[in-house]
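What follows is one structure encoded as structure tokens, with my remarks underneath.
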Amino acid sequence: MGKTKNTSLDAVVTDFILLGLSHPPNLRSLLFLVFFIIYILTQLGNLLILLTMWADPKLCARPMYILLGVLSFLDMWLSSVTVPLLILDFTPSIKAIPFGGCVAQLYFFHFLGSTQCFLYTLMAYDRYLAICQPLRYPVLMNGRLCTVLVAGAWVAGSMHGSIQATLTFRLPYCGPNQVDYFICDIPAVLRLACADTTVNELVTFVDVGVVAASCFMLILLSYANIVNAILKIRTTDGRRRAFSTCGSHLIVVTVYYVPCIFIYLRAGSKDPLDGAAAVFYTVVTPLLNPLIYTLRNQEVKSALKRITAG
């Protein structure tokens, strides 16, 4: 059990113990190696995309690739907030995290995660303008406007993370301190609160639901218009290139949003599949982003070849 501090009112939790993901003991070493390799590949893959964007003047001046570079930066940080603790889950050591560390992790997890939600929406809007309004695209979406929109996404994400962290840790925690999860996240932490959590669960449902649902609906609306525009393209090659560009984004969005909706719109429930679902958008998605966008994007591949060729 973690440390507690006696007060005149009750015992106050000063740290939490992360129980991690359920796994067979005989697979501990293998899982440690797998997640460690995934983490290293995630960092290297996203760093490679960032360096490619910065090294190629043609790419770093275009909104589509500015957004892709920001996504890679977010993926690196989101992965660093969650995966190292998940890796420790497969070691014999006790996975204790200080109370303040738990607060910080929950804040950054939701800050970065919600910022990523907003960024996916901006990426869909950018593709909508590029395909549906090609002649007006340079006016409607330029580097300066893209920078302002990205800054707005960061501010909105920070506000979302602050709201969730404040609401979660304003509650008293005076009893059990074992978090049945691999990170400090809202549903798992709320189960340990020494107070009624109905209001928190409702706010989580509404707040996360509004952010996720509104972003997802805007993305679907953008792609409905995009598909309609693509079907009007007369050349087969033109349709193929447009679908290829948009297909990468749709794959990433699906892998990210479906697990989020599964977990946070059921905040009061306890499902053993929650941990597996969370692995998708905390571990798998940051790894897939550089692979999908690199392998399916001819311009990125060409830029990589130019850089590696010197």
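Quick reminder: no glycine exception, Cβ is built from N, Cα and C everywhere.
Lifted from Swiss-Prot, the feature list:
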- 1-29: topological domain 'Extracellular' (TOPO_DOM)
- Asn6: N-linked glycosylation site (CARBOHYD)
- 30-50: transmembrane segment (TRANSMEM)
- 51-58: topological domain 'Cytoplasmic' (TOPO_DOM)
- 59-80: transmembrane segment (TRANSMEM)
- 81-104: topological domain 'Extracellular' (TOPO_DOM)
- 105-125: transmembrane segment (TRANSMEM)
- 126-144: topological domain 'Cytoplasmic' (TOPO_DOM)
- 145-165: transmembrane segment (TRANSMEM)
- 166-202: topological domain 'Extracellular' (TOPO_DOM)
- 203-222: transmembrane segment (TRANSMEM)
- 223-242: topological domain 'Cytoplasmic' (TOPO_DOM)
- 243-263: transmembrane segment (TRANSMEM)
- 264-274: topological domain 'Extracellular' (TOPO_DOM)
- 275-295: transmembrane segment (TRANSMEM)
- 296-310: topological domain 'Cytoplasmic' (TOPO_DOM)
_Range from 59-80, 145-165, 203-222, 243-263, 275-295 with most C-beta pairs under 8 A to the transmembrane segment (30-50)_ = 275-295
*asked:* For the topological domain 'Extracellular' (1-29), report the average pLDDT of the model, please.
replied: 70
_Let me spell it out: take the transmembrane segment (59-80), skip the flanking residues so only those 6+ beyond its ends count, and list any with a Cβ under 8 Å from a Cβ in it._
39, 42-43, 46-47, 49-50, 52-53, 108-109, 112-113, 115-116, 119, 122-123, 126-127, 130, 141-143, 145-147, 150, 282-283, 285-287, 289-290, 293, 299-300, 303
*Would you list the DSSP helix, strand and coil counts for the residues of the topological domain 'Cytoplasmic' (223-242)?*
16 helix, 0 strand, 4 coil
